[in-house]
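The feature active site, nucleophile is assigned by TrEMBL to 248. Per TrEMBL, Zn(2+) binding site is recorded for 114, 197, 443, 484. Feature annotation from TrEMBL assigns domain 'Neutral/alkaline non-lysosomal ceramidase N-terminal' to 132-512. The domain 'Neutral/alkaline non-lysosomal ceramidase C-terminal' annotation in TrEMBL covers 516-667. The signal peptide feature in TrEMBL is assigned to 1-26.
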Ligand SMILES: *[C@@H]1O[C@H](CO)[C@@H](O)[C@H](O)[C@H]1NC(C)=O
Ligand SMILES: *[C@@H]1O[C@H](CO)[C@@H](O)[C@H](O)[C@H]1NC(C)=O
Ligand SMILES: *[C@@H]1O[C@H](CO)[C@@H](O)[C@H](O)[C@H]1NC(C)=O
Ligand SMILES: *[C@@H]1O[C@H](CO)[C@@H](O)[C@H](O)[C@H]1NC(C)=O
Ligand SMILES: *[C@@H]1O[C@H](CO)[C@@H](O)[C@H](O)[C@H]1NC(C)=O
Ligand SMILES: *[C@@H]1O[C@H](CO)[C@@H](O)[C@H](O)[C@H]1NC(C)=O
Ligand SMILES: *[C@@H]1O[C@H](CO)[C@@H](O)[C@H](O)[C@H]1NC(C)=O
């Protein structure tokens, strides 16, 4: 579960302190206040035979690629300590070597888009190119209509009426955007924040994908550089997740898919998201429902792209002022603190409630996105994979602390084979000028996000750290995956998000207390490099991580075949028109042998001047790579062929590469 958050996006800000070492940079900086960097890297894990992240639905094992998953980096600093502007190296693992003393836990955040079509496991390759150059920043927001919908409106209604009356609705519809401009003022990329779950693609999808956030990034980047391969653009479009907790991209609502039942096609029960008493049949519908979940994904992505484009091409308020960051670890297990009204309360060791198991049981209310219906612990417990006796029953102290949550899985007390839930989380904030980014270790609901933004903003202005233009946004889930964060009122309702608020009813108030008390570290006069008192860092569990996946033993092309043999060819001499599907099938080998990062398992090649030019890769949404099948939809004319790239593993010896091509065909 911890690994789940380190999937799709990397959002970095760097706070560099030494003085300029290059005269040219100094000159450019006289006009451009910041030193800015943008980067992108392929982090797609194994694309077959691997359980997919997010829905945590065991049967959802991947079988190919819709779009590769990429990590994007954004660096903002006011000064630079090294002379080279070009850094072309894998970043995260090399940060310490490359920039001794520059990057630390304090100024690097890893923020997930929280897509649910990704692959489990760690990214193995990050950010091949980062360049730093003097530039400007601009900030603004735009309203996106129809881009998200509250999936737990009955829990939202538990918040006080006078508080709800301050807002237009039960979702945040603003997309906030920080534009990165070069020294000439031209836009070179952006970091945007908009809350919508990455659940456009349903849990029955088995193609690795980056859901609507990754699609938005691809659509934007390819519109700026249409001839570049995905992931090879210099313009970087960052679509960051925000207070995503109770948001859904399934904007038509949740309906019963219960063939033969009288309630088939009716909206699910408002309070419980059930159909005829059980939650399994209650499914969210996206705007492209009548066509497919892939169409819904595209529409939700396009709405974010359109909003971002209006800001990138518009006039934005210039950002000026210092760059600051602060980070600390917080142990949420029985953390005692004082509420603003003077009452002392505490958070609890992590535990999940009954609603967490959603539709697998009729014991508690579910919610309408597909993913709530299954969860790994429940699947493991049900399937007997994990001995449930390693989870202690909650003691009286834990039951009282978590009240009114009925504790289903007392994960804070489960330490075998390793800790099931984190009790220590990362608390982090970045500031650039008047913008403050709260890096949140979990999925805050809409109202929870509003409360913490308002509280931090109020403290920033009250303490004179930023003026009335202080602008606070949420990025998350980031760093540690601390599950959900609801308001105490929503917690009392114990829908899915409340049941998944693992540190108890005062989780949000504890975060508000901690983040607001750290704002002095963001002040203009904050001592460079000062770190707040911190709880101990959580233990590194990487070495204890268990893999249930069987390694590739050996590949065999089968009797009478060689790797790369064409099993189903494109009919020689055939002509296709736009919108048709072209399909070829090759004798393949297990793609887990070589992830082909920054590469591709297949390509569409066009005959240009006597040689074959790659025009599409496995990462284009118009191509689908499956382990046993590749097909393609094309939109331009000329002579083409499909190519396949594989890596086979013999029983003895090393993995070797091979490639194969289909017959050529025409597109009219
Ligand atoms: C959008 O920007 C305006 C101007 O800075 C600000 O007043 C407003 O609060 C912002 N909206 C949100 C939702 O942050
Ligand atoms: C996935 O489920 C949806 C909704 O039930 C259905 O429309 C779609 O055809 C399914 N997709 C696949 C690949 O089975
Ligand atoms: C990426 O772009 C660069 C610069 O345009 C180009 O030289 C390189 O061949 C491209 N790489 C791929 C894999 O398309
Ligand atoms: C949902 O629950 C609330 C509180 O129990 C109740 O007042 C309301 O009538 C219920 N709404 C529906 C549509 O069942
Ligand atoms: C967190 O705090 C609890 C309660 O004080 C303590 O038992 C636990 O050891 C602490 N965990 C860590 C990792 O420090
Ligand atoms: C302070 O707020 C908490 C949570 O809402 C409440 O339980 C407590 O009674 C309040 N204390 C006072 C003194 O009002
Ligand atoms: C920074 O300025 C504030 C307000 O002027 C002051 O209260 C604080 O002590 C200063 N902090 C440092 C570290 O100088």
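Backbone N, Cα and C atoms are what each Cβ position is placed from, and that goes for glycine too.
Since this is a predicted model, take the numbers as computed values, not measurements.
Features recorded in TrEMBL, as mapped to the structure shown.
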{"residue": "197", "record": "Zn(2+) binding site", "Cβ within 10 Å": "29"}
{"residue": "248", "record": "active site, nucleophile", "Cβ within 10 Å": "26"}
{"residue": "443", "record": "Zn(2+) binding site", "Cβ within 10 Å": "30"}
{"residue": "484", "record": "Zn(2+) binding site", "Cβ within 10 Å": "25"}
Between the binding-site residues 197, 443, 484, which lies closest to residue 248 (active site, nucleophile), Cα to Cα? 197
What average pLDDT is reported by the model for the domain 'Neutral/alkaline non-lysosomal ceramidase N-terminal' (132-512)? 87
